[in-house]
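According to TrEMBL:
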- HIS69: active site, proton acceptor (ACT_SITE)
- PRO166: substrate binding site (BINDING)
- HIS196: heme b binding site (BINDING)
- THR197, ASP241, THR244, ASP249: Ca(2+) 2 binding site (BINDING)
- CYS38-CYS118: disulfide bond (DISULFID)
- CYS71-CYS76: disulfide bond (DISULFID)
- CYS124-CYS317: disulfide bond (DISULFID)
- CYS203-CYS228: disulfide bond (DISULFID)
- 1-22: signal peptide (SIGNAL)
- ARG65: site 'Transition state stabilizer' (SITE)
Amino acid sequence: MSGLNLNLKLISLFLLLSCVPGIHVSAQLSSTFYAKTCPSALALIKASVVSAVAKEARMGASLLRLHFHDCFVQGCDGSLLLDDTSSFTGEKTAVPNNNSVRGFDVIDTIKSRLETTCPGVVSCADIVAVAARDSVVTLGGPTWSVQLGRRDSTTASLSAANANLPSPFSNLSALITAFSNKGFTAKEMVALSGSHTIGKAQCRLFRTRIYNETNIDSAFAKTLQGNCPRAGGDSNLSNLDATTPNFFDSAYFKNLLCKKGLLHSDQQLFNGGSTDSIVTAYSNNLATFRADFANAMIKMGNLSPLTGSNGQIRTNCRKVN
């Protein structure tokens, strides 16, 4: 009986862990997943990312964001890559994604090259995960071992994309909740927000902040107003990190200490709240930020992957086979 009781307890623990956000005990990802089936996959992805970022530094941030926006909706399953059709609604027109998420063409190019080299082997979800890591490294950031073996979804969720992705207008409590819902601590949320040390944002996303908010450096706000008028210019771009916009460092956090966060959600991390001390720590210690960011990225890459016989390996990342 004792053996039976132990088995029952283990089964109960498995079921319990399966219900905890961010913990997925069934996933069987491995950093060496393609070692035999497509040994050149990682080198091919890296070469493509390095080339794309050399042409446009912003693309590094775009590819990193693709991974984030994919993983927070249905898990890291490539659902974000699916195009809308007359009979299928994808996630690209969700408010956080529409006319905003980009880099799909780079993923298409990588997928095409991989299909020539190893047809039907490497998933679109894994391409996105590796491209995110390679983008960060290319722009001077930390590296990490990407776990592989995700498969591609045959579904997408517009409603989940609208509900799960945090808004640039979010207050601190909403940011903490959005990440907590996916199993992340407040500290991991701050570390992942450090991805805003690269990339750009559109005027429509920070106009209210630079004209109406008081927790912003006045000279910084005035400079931004020059490229973001009160009316019009919605898609005009400004750097999320005005100091070193194309280098993955800790300047983003130093900017927050000086009230130079571009988005409302950025400055919320340092605004007299519970995360102020984390921002201060990261601004003072680049090594700690790099390590915490890398670990949080591995954790994000483990969000509800499709493995085994679930999902499929798409031939074209934009459509189901």
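Every residue gets a Cβ built from N, Cα and C, even glycine.
With respect to their backbone Cα atoms, CYS38 (disulfide bond) and HIS69 (active site, proton acceptor) stand 26 Å from each other. Of the listed disulfide-bonded residues, namely CYS38, CYS228, the sparsest CB environment within 10 A is found at CYS38. Summary for the binding-site residues ASP241, ASP249: the Cβ-based neighbour count within 10 Å is maximal at ASP241. When the Cα atoms are compared, THR197 (Ca(2+) 2 binding site) and CYS71 (disulfide bond) turn out to be 20 Å apart. Among the recorded positions CYS76, CYS203, ASP241, the residue whose Cα lies closest in space to that of the residue listed as 'heme b binding site' is ASP241. The closest partner of the residue listed as 'substrate binding site' among the recorded positions, by CA position, is HIS69; the full candidate set was HIS69, CYS124, THR244, ASP249, CYS317. Separation of the C-alpha atoms of HIS69 (active site, proton acceptor) and CYS124 (disulfide bond): 14 Å, rounded to the nearest whole number. Other C-beta atoms found within 10 angstroms of the C-beta of ARG65 (site 'Transition state stabilizer') number 22, with every protein chain shown included. Across the fold, the C-alpha of CYS71 (disulfide bond) and the C-alpha of ASP249 (Ca(2+) 2 binding site) stand 23 Å from each other. All protein chains considered, the CB of CYS118 (disulfide bond) has 16 other CB atoms within 10 Å.
For CYS317 (disulfide bond), the Cβ neighbour count at a 10 Å cut-off comes to 22, with all displayed protein chains included.
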